[in-house]
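*Asks:* Attaching a single structure in structure tokens format; questions to follow.
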Amino acid sequence: MPVITLPDGSQRAFDNPVSVLDVANDIGPGLAKATIAGKVNGELVDAVDMIDADAQLQIITAKDEEGLEILRHSCAHLLGHAIKQLWPNTKMAIGPVIDNGFYYDVDMEESLTQEDLAKLEKRMLELAKTNYNVVKNKVSWQEARDAFEARGESYKMEILDENISKDDRPALYQHEEYTDMCRGPHVPNMKFCHHFKLMKVAGAYWRGDSDNKMLQRIYGTAWADKKQLKSYLQRLEEAEKRDHRKIGKALNLFHWQEEAPGMVFWHNDGWSIYTELESFVRKKLREYGYDEVKGPLMMDRSLWEKSGHWDKYAENMFTTESEKREYAVKPMNCPGHVQIFNQGLKSYRDLPLRMAEFGCCHRNEPSGALHGLMRVRGFTQDDAHIFCTEEQILEEVSGCIKMVYETYAAFGFENIKVKLSTRPEKRVGADEIWDKSEAALAEALKANDIEFDYQPGEGAFYGPKIEFTLHDCLDRAWQCGTVQLDFSMPGRLGSTYVAEDGERKVPVMIHRAILGSLERFIGILTEEFAGFFPLWLAPQQVVVMNITDKQADYASDCVKKLQDLGFRAKSDLRNEKIGFKIREHTLKRIPYMLVVGDKEMEAGEVAVRSRRGDDLGKMGLEDFIAMAQQEVVEKTIK
């Protein structure tokens, strides 16, 4: 007689084993109608799965994050159902859930077009609207293999042969005549899968291996209701308008070339943003007591072997040879900083030692993964390493956390999610060191009243880390900042200090980045502001325009005064209509346009317009300067 305990603590007793759906029905018909799955003792199960012992149960609906993921996974199966009806010879590979949707890799002779996607989406909707039940069957390994062999599903057979034990009982999900294999859970009925859209088709190698066959990957998005789907598609449309690659081209900020994949060509205005951002971070470093250093771009293979990078990270490193020695271009700054620490005897009185670098790093990312400024091969990290004692960890990590939040606030980012990533399978260091590291980071977060989630297995190979993820105006997540403890690398590279008792000890090393990489952060800012950078960051801050040649000298004088005070200002003295000039500079998103005619020249004034189209009226040049200076100092976002 199972006793079911619900999230509110209430209990319900049953005379016989019950399914999740039975319990939902017992609570109320409305809940039963909305039930997608259940979570029994913390484990997700299908709505039809039976509970035969006392258990904790949470009913999962489309309002839950897990429910939305299940719904999306079932839409992937729905895609399989539809594609096999339209193209029966298609071989199905894998169809997992991804952020905001799903995909399915398929092997078929036809190259799918946008028209084919529309036809496939239409058939999916026709099938879903019949509201058929999804039937789950647990079968033996051999029964599953026989089922897929009869259908010629070679990829499913390979998954069974290589990834599933013959002692297991795989779950087969029946969508009318279509059968798929999955760990589940899935929706009990297709009434939950009416709100989806197929987005695009791309190529993908089977198992991500370029030696294998290229498949077609069909991407889709799915949501709980029509309103959510519409909202998501609108966000995508807005994201397309804000694409930093388009804005970068329109504003002449940067470009890329095939001759240097993943490397950025910075133009004058783009580099202005870069250097301003660097200066902002440099000022923060001084406030928080960091020394700024610069390490070499390449170092001998032997150092990377000692640090552990050669063993764990070699495939991502660019290498070269000279005079029979092998070198690696640095993918990270940490080993170089350890070398600087190791110069000269260090005492406990020298700790904490905070070392920062705008370090130029290179990583051999796959060409298919490169994406504008967001995923590059050459980038600059706002990297820092703090060498400290174990007793100083809490205070130092707390300082890093405070610095992260202050920096993000300057750009208007307030929605920040924090995760603590713990030990991965491939790692260096003993388990007791990892225990100590993970506990120290968790303690620092709790001490600063920071809510966080654990990410098991997602830490770097040398230590656990705190990850700070920004959410932008389109609610997209960008993981930028990290604070990472490392009890391993200093010891591996021979770092010691003289403790208070005269003994030699190995310092703790804290890896810290706030922006992550300057390139990627500029990409994020470009899309966040849609190119309307705040005044302090804008590459061109002010343009002064004359109406006729008569005011050219006055306009030039205004520009010189602005430039002398540090403003990035220029004049536009072309013999063009003022309306034409205003439109042109508005499109360039220059924050302020100052128009000078005879009246303004005689009164020593300027007529001020903003890039948003606001006419701010006439004011003395000194008054405008005071207003603009305040905006720069306060880092106002408009």
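Just so you know, glycine gets a Cβ as well, placed from its N, Cα and C.
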*Asks:* H267, H385, H471, H585: which one does Swiss-Prot list with C334, H511 for the Zn(2+) site?
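*Replies:* Answer per Swiss-Prot: H385.
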*Asks:* Residues other than C334, H385, H511 within 8 Å, Cβ to Cβ centroid, of the Zn(2+) site?
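*Replies:* Near the Zn(2+) site, the remaining chain residues are M332, N333, H337, V338, D383, A384, Q484, D486, M489, M509, I510, R512.
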*Asks:* Work out, from DSSP, the number of helix, strand and coil residues along the domain 'TGS' (1-61).
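*Replies:* Per DSSP, the residues of the domain 'TGS' (1-61) fall into 14 helix, 24 strand, 23 coil.
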*Asks:* By Cβ count within 10 Å, point out the most packed of the binding-site residues listed: H385, H511.
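*Replies:* Max Cβ neighbours within 10 Å, all protein chains included: H385.
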*Asks:* Once the chains shown are all counted, how many other Cβ atoms turn up within 10 Å of the Cβ of C334 (Zn(2+) binding site)?
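*Replies:* C334 (Zn(2+) binding site) is surrounded by 25 other Cβ atoms within 10 Å.
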